[in-house]
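The next block holds one structure in the form of structure tokens; read it before the comments.
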Amino acid sequence: MARLTSIIALFAVALLVADAYAYRTTITTVEVEENRQGREERCRQMSAREELRSCEQYLRQQSRDVLQMRGIENPWRREGGSFDECCRELKNVDEECRCDMLEEIAREEQRQARGQEGRQMLQKARNLPSMCGIRPQRCDF
């Protein structure tokens with residue numbers, strides 16, 4: 001009888017542990033989903049054109065330089081105040097929003113550029129965080 005009571009008690013403890021683990025997993029999944037939705041909403045509320053004006057200017061200038069040089073280009077040129085100011089602006093943007101905002105700017109500028117210039121502009125925008133020495137190192141868009 002004592003043996004049966006011990007087995008039942010052990011089984012009850014195992015059920016409680018399993019139930020608590022399943023509950024924890026469910027809560028974690030919900031929290032991750034809520035965090036992602038919160039980030040997307042927070043990033044949407046920021047205006048890329050206002051927050052990253054110098055980055056927009058830097059990408060536009062890079063595009064103009066490519067056109068003027070007709071194919072002879074230094075793609076990572078960092079001269080001028082717009083690059084430094086762009087890095088300062090990027091550092092002030094929430095890390096989770098940087099790539100979304102850079103993509104918004106780059107896609108708009110790409111629409112105005114043509115062919116190869118547009119692709120090069122996207123590449124530069126993807127690598128801007130790395131050039132500025134901030135995270136994420138590269139944006140995937």
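Every residue, even glycine, has its Cβ placed from backbone N, Cα and C.
Listed in Swiss-Prot:
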- Cys87-Cys132: disulfide bond (DISULFID)
- Cys99-Cys139: disulfide bond (DISULFID)
- 1-22: signal peptide (SIGNAL)
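Cys139 (disulfide bond) falls within neither a helix nor a strand when secondary structure is assigned with DSSP, and so counts as coil. Around Cys132 (disulfide bond), a 10 Å sphere centred on its CB holds 19 further CB atoms from the protein chains shown.
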